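Straight from Swiss-Prot, the features:
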DOMAIN    218-302  domain 'RCK C-terminal 1'
DOMAIN    316-403  domain 'RCK C-terminal 2'
TRANSMEM  13-33  transmembrane segment
TRANSMEM  38-58  transmembrane segment
TRANSMEM  67-87  transmembrane segment
TRANSMEM  107-127  transmembrane segment
TRANSMEM  144-164  transmembrane segment
TRANSMEM  189-209  transmembrane segment
TRANSMEM  419-439  transmembrane segment
TRANSMEM  459-479  transmembrane segment
TRANSMEM  501-521  transmembrane segment
TRANSMEM  525-545  transmembrane segment
TRANSMEM  546-566  transmembrane segment
TRANSMEM  586-606  transmembrane segment
Amino acid sequence: MAFLQTWLADYQIPLTLAVIVFALVMFVLEWLPIDTTAILVAVILMVLGLVTPTEGIAGFSNSATVTIMAMFILSYGITRTGIIQIIRDSLIKFGGDSLRRQLLLMGFIVGPSSAFLNNTAIVAIFLPIIEEWARQRQISVSKLLIPLSYATILGGMITLLGTSTNILASGLAEKLTGQGFSIFQFTPLGLLTFSVGLIYIVLAAPILLPARRNISDGNVAAEYQIKDYVSEIIIPPRSSLIGQTLRQSEIQRKFDIDVLEIIHNDTHFPQPLADRVLTMGDILLVRAGREDLLRIKDERGIEILADVQFVSAETNNAGPLESSEEKVAEVLILSNSRLIGSTLKDLRFRQRYNATVIAIRRGEELIRQRLGKVRLKFGDLLLLQGPRESFLGLQTTRELLVLEEKPLDNLRLDKAKTAIAIVALVIVIAGLDILPISVTSWAGVMAMVISGCLKPGEIYGAIRWDVIFLLAGLIPLGTAMENSGTTAWFASFLADAGGHLSGYALLLLFYLATALLTEILSNNATVVLMLPIAFQVAQSLGLNPLAFMFVVTFAASNSFMSPIGYQTNTMVYGPGGYRFTDFARIGAPLTVILTLATPLLVMLIYGVQPTN
């Protein structure tokens with residue numbers, strides 16, 4: 001054992017590099033959820049002795065992690081009071097019919113909101129709003145949703161509180177220099193990059209983004225091609241199904257079929273249907289492919305009626321799938337959902353939510369068969385049919401997002417001014433350095449609970465636990481890199497290789513390397529790896545470390561070229577009906593513009609030479 005400990009001590013840098021490579025591979029291949037991978041990395045570091053047990057679990061009590069937890073809760077408290085909806089209603093009327101004017105207006109609404117609230121929360125609020133906006137103004141939603149995501153990303157860089165990456169970077173900076181970033185230290189650079197990015201979006205989006213998905217007529221049946229796989233079958237006199245309940249018949253388990261409704265003597269019976277006894281003459285509205293319909297006809301003696309006649313687009317509904325009791329709606333799987341990685345069959349989705357999935361949209365792909373065997377992913381868009389009260393229940397979950405506007409009577413509008421005052425006090429007190437943001441943010445949480453803006457039980461559901469576990473696992477990796485000398489080794493190599501370059505060139509290279517890395521890793525993982533290296537390179541070359549840390553922080557968050565580089569990109573991937581290449585088409589030029597502009601702006605605002 002002593003020999004093993006000695007060997008491990010002698011090879012700390014190679015071992016740390018091996019763990020980094022392992023983490024990179026696991027993040028890219030996604031064999032495990034990234035938050036699980038991060039915790040696994042922390043465990044490996046402790047087992048190898050690269051961090052002590054205390055250091056290995058320190059991520060859970062790190063000031064950045066604690067602050068981010070509080071900011072999730074404060075963001076949720078703000079959204080529960082309907083403030084964003086109030087701002088939306090007061091400004092949306094100025095949108096007009098010009099697409100560029102609408103993009104500019106959306107940027108002005110979303111950007112400042114993202115500066116203080118969680119980005120994913122902003123997109124979750126605005127997704128159904130933008131869809132309805134597109135429908136009313138006869139615009140393809142594909143022209144608006146990537147700009148929505150980009151605007152939240154850019155707006156999140158205006159203040160320290162805008163993203164978890166900013167707060168994590170501040171925690172790393174405090175560890176390296178003894179002082180973290182102040183709340184508004186990002187603001188001069190953030191406002192400029194936001195302005196540059198918004199101008200690009202307004203000019204380029206109408207040209208570069210295709211009209212992939214048009215929901216202007218509201219005809220869900222036509223968009224999802226429901227007519228091709230929703231049919232009516234009737235139970236004839238000699239069918240073996242007569243006298244059995246739907247559960248006993250096992251037709252939904254044995255065949256790729258979902259029964260959406262049973263019609264008995266002209267009376268429509270919605271879900272739940274499992275214990276409904278089937279009788280002669282019953283008509284079943286089913287989701288099924290032709291092959292399965294023919295199989296059930298042969299084996300169970302049913303008859304297939306003529307294709308379901310869906311109503312015209314002018315009626316703005318899905319025909320027989322919708323009624324006064326039932327409806328059809330799209331539901332988005334969010335990043336913290338327990339559904340991710342599971343199949344509908346494993347989840348017993350129909351029984352759990354009292355609704356049936358009749359199609360899945362994944363980007364441009366439309367999945368309509370063998371739905372029970374499809375492993376669900378973050379960003380999948382489910383087309384659900386079920387009782388209207390089931391959707392009211394779905395609107396309260398934090399794992400799924402129903403893409404329709406929530407009624408204002410579900411919000412605590414009377415607490416809006418109180419919530420604004422609480423968040424303003426949190427920002428002012430922390431901004432004046434009276435108390436650390438980790439303290440003021442939790443004081444704000446308690447104030448929201450005491451004032452009734454939040455209920456105590458809502459605190460736990462408001463926290464994005466996947467992000468918290470990701471941070472808790474990544475922070476020990478940064479510690480291991482420092483303890484083992486890996487950060488210093490990287491910095492020495494880069495300083496020797498780039499010592500002859502100008503300050504602008506070095507900043508540009510760090511921005512580019514970080515921006516490319518964040519497209520395949522999470523932005524938090526990228527900042528943990530790159531920020532300490534950038535800091536030590538700056539110190540080695542006698543340059544301003546703050547400039548290098550800001551370049552890395554901004555580059556880590558500005559992920560525009562893929563739907564997987566940033567969570568808000570993934571959230572709009574399905575609803576926009578995008579292809580993977582759509583993000584590269586509009587995101588690559590924006591990345592180039594910011595790669596050239598951000599280092600220059602950093603030099604002008606903060607200087608590349610140390611200020612002493």
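Placement of Cβ uses the backbone N, Cα and C atoms for every residue, glycine included.
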Segment-segment contact (the transmembrane segment (501-521); the transmembrane segment (459-479)) at 3 or more Cβ pairs under 8 Å: no
Cβ pairs under 8 Å between the transmembrane segment (189-209) and the transmembrane segment (419-439), at least three: no
The transmembrane segment (38-58) vs the transmembrane segment (144-164): 3 or more CB pairs under 8 Å: no
Criterion met for the transmembrane segment (459-479) and the transmembrane segment (419-439) (at least three Cβ pairs under 8 Å): no
Distal contacts, the transmembrane segment (107-127) - CB-CB under 8 A, six or more residues away: 71-72, 75-76, 78-79, 84-85, 87-88, 91, 145, 147-149, 151-156, 158-159, 161-164, 190, 194, 198, 201-202, 332, 334-335, 401, 403, 423, 427, 464, 567-568, 571-572, 575
Annotated stretches the transmembrane segment (67-87) and the transmembrane segment (525-545) touching (3 or more Cβ pairs under 8 Å): no
